[in-house]
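To start, the structure under review is shown below, and the notes come after it.
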């Protein structure tokens, strides 16, 4: 649906060349809500603005429905852009226009008949819950209401793609939650593909199906939201995950490590969905006659799927511990031995 192929974007400032996007490859499937997260200056805004050619790539291709927008002539490009809606961090509403006229603007630009405009705008204002604000002006609205109007305007031309540029970063937590709920509703009821950028991992957790992490113009990690949260690989990704889910060693585990008992090993296992840690622990007891103690367990929820980390220790003679370690190395749950602040493969 949306595809970036080896996209690079450079800017020139005096004698300096700044690379905002560096050989980016990204694929967003039809119907997905795909989040891109990164710190300030990571290249997120340039990426999303490249999706509808607000920024033209220096090299590479951006494809929407298999079409490279950069190859289209002016009239064809205008038509293609009607299929791409966009909402902004600071709403970008016309202050001198009423709510009705703001939502109607894209339709007026395409010379849609007045009766059709009224029908569509009325429908959209009802959808975003602001039917009673049609004659109001933006200055009379709250931040959340302004963003709802921005969303209605972005949907006016019945797009298949919605681009969200930090759509909730100017909003308070409760309003953010309501806007995210509305975006999820749009995705489900209108089957609109959503590409959103944010610096808030809580937004990714709330509604995204997949996520890409950007740093210095590159995608450094990507995958399903569940896989990224449960097993971040890059240090930057781990920072984002840690901002809402602690990943450090629990106090009891640290205390156990400090005791440095020779016949004791400590492991961490990540469990997701239906994965059964109880079978793992039971097999250790039954197969090796080994003493197993759960030191700490945490559970979290990602869009209805639970995942967590369990820390357990094994006590036995060195030969038995060695056999158990070999067993754990081949186990599907891939437990990791905890040594100090490090986790190493079992």
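Residue numbers in this text run from 1 along the chain shown.
Just so you know, glycine gets a Cβ as well, placed from its N, Cα and C.
Here is what Swiss-Prot says about this protein:
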type	residues	note
BINDING	38, 39, 40, 41, 42, 43, 44, 45	ATP binding site
DOMAIN	2-241	domain 'ABC transporter'
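This view paints the features noted in Swiss-Prot onto the structure.
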| residue | record | contacts (Cβ under 8 Å, 6+ apart) |
| --- | --- | --- |
| 38 | ATP binding site | 44, 197, 199, 213, 214, 215, 236 |
| 39 | ATP binding site | 199, 215, 236 |
| 40 | ATP binding site | 199 |
| 41 | ATP binding site | 216 |
| 42 | ATP binding site | 214, 215, 216, 217 |
| 43 | ATP binding site | 9, 20, 21, 22, 24, 214, 216, 217, 218 |
| 45 | ATP binding site | 165, 166, 197 |
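Here the domain 'ABC transporter' (2-241) has a mean pLDDT of 94 out of 100. Residue 44 (ATP binding site) falls within a helix when secondary structure is assigned with DSSP. When secondary structure is read from DSSP and collapsed to three states, residue 39 (ATP binding site) falls in the coil class. One way to see the shell of the ATP site is to take the Cβ centroid of 38, 39, 40, 41, 42, 43, 44, 45; the remaining same-chain residues with a Cβ within 8 Å of it are 199, 214, 215. Neighbours of residue 44 (ATP binding site), defined as other CB atoms within 10 A of its CB across all chains, total 25.
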